[in-house]
Amino acid sequence: MVNMEASMFLTFAGLVLLFVVCYASESEEKEFPKEMLSSIFAVDNDFKQEERDCAGYMRECKEKLCCSGYVCSSRWKWCVLPAPWRR
């Protein structure tokens, strides 16, 4: 009888401890995604995309010419890498 009571008490104490640990880690995890997203999407003047006179890879080439190293696909009207079968 005593072993059963002790094992029930230890099981209950283990569940309470597990609940406390999970709650603490969850409250820390709630702040982590916010911090991560704010650092990823932070606006920095050095990394802003600047306007170019040419279109880059997989950009429309109807109005703009493709940048050097790319050709305008006659089928899709996108700037793509030149390949032997596209020349």
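Placed from the backbone N, Cα and C atoms, the Cβ positions cover glycine too.
Not measured: the values here are computed from a predicted model.
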Record Swiss-Prot, residue Cys79, disulfide partner from Cys66, Cys67: Cys66
Candidate in Cys22, Cys72 joined to Cys61 through a disulfide, as Swiss-Prot lists it: Cys72
Counting across all protein chains shown, how many other Cβ atoms sit within 10 Å of the Cβ of Cys66 (disulfide bond)? 20
Using a 10 Å cut-off, grab the number of neighbouring Cβ atoms around the Cβ of Cys72 (disulfide bond), all chains included. 18
Distance between Cys67 (disulfide bond) and Cys79 (disulfide bond) at the Cα atoms, whole Å? 8
